[in-house]
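Below is one structure, written out as structure tokens; comments come after it.
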């Protein structure tokens with residue numbers, strides 16, 4: 001096993017522990033708490049994949065961080081912070097909408113890279129809006145936290161979420177996953193719209209209905225892909 005992989009996991013475990021202590025003092029805002037919860041799932045998946053105990057890794061990560069801080073000057077810290085571009089966290093959904101449980105009558109699921117696409121194929125003839133919470137850097141989607149499909153009545157009928165055991169995805173990965181979700185939902189004559197935030201940072205183009213322009217041929221192909229591969 002690569003030593004950098006192990007040490008990276010150890011540092012991530014310790015930093016998560018620090019953030020958890022911060023949250024326990026009721027100091028974290030909603031985006032902070034959301035990332036904390038999802039990073040916990042990711043660390044559990046990575047720990048299982050690597051065969052490493054999280055508690056032991058956390059202690060080792062503390063030693064690594066302490067050693068770095070001992071060598072770090074205030075001036076170097078200022079330069080590092082100034083040179084790192086800041087990302088923004090954008091929210092279409094409330095914390096309640098993100099954490100709400102939902103159920104599928106005819107479940108369909110597809111894994112595309114490090115993203116999991118889920119949808120209820122029993123939904124027909126509905127107006128559906130895609131909403132997402134994600135981070136943006138350089139005016140492009142950086143990391144998808146969660147995307148969900150809502151009917152006008154507020155029911156959740158689809159979802160795209162990162163797999164905890166496979167961290168890392170690009171904006172193109174997200175765009176392709178959204179295309180698969182839209183294709184599957186439109187197969188049952190649903191009308192799908194994309195939120196303005198997603199249009200701006202993930203699609204960069206849309207038609208008058210507020211959804212990405214997908215040719216009918218491509219739409220049918222993606223819908224068949226969902227049915228054949230799930």
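Note: Cβ is positioned from N, Cα and C throughout, glycine not excepted.
Per Swiss-Prot, the feature region 'RNA-binding and homodimerization' maps to 1-73.
Secondary structure counts, DSSP: the motif 'Nuclear localization signal' (34-38) has 5 helix, 0 strand, 0 coil. Swiss-Prot lists 34-38 with the feature motif 'Nuclear localization signal', giving sequence analysis as the kind of evidence.
Annotation source Swiss-Prot lists motif 'Nuclear export signal' at 137-146, citing sequence analysis. Cβ atoms under 8 Å from those of the motif 'Nuclear export signal' (137-146) belong to residues 34-35, 38, 85-88, 93, 98, 115, 159-162, 169, 171, 174, 201-202 of the same chain, restricted to positions at least 6 beyond its ends.
Swiss-Prot lists 180-215 with the feature region 'CPSF4-binding', giving sequence analysis as the kind of evidence.
Under the heading region 'Disordered', Swiss-Prot lists 205-230.
The region 'PABPN1-binding' annotation in Swiss-Prot covers 223-230 and rests on sequence analysis.
Same-chain residues lying 6 or more positions outside the motif 'Nuclear localization signal' (34-38) and placing a CB less than 8 Å from one of its CB atoms are 16, 19-20, 23, 28, 95, 98, 133, 145-146, 162, 164.
This prediction places the mean pLDDT of the region 'RNA-binding and homodimerization' (1-73) at 87. According to DSSP, the secondary structure content of the motif 'Nuclear export signal' (137-146) in residues is 0 helix, 8 strand, 2 coil.
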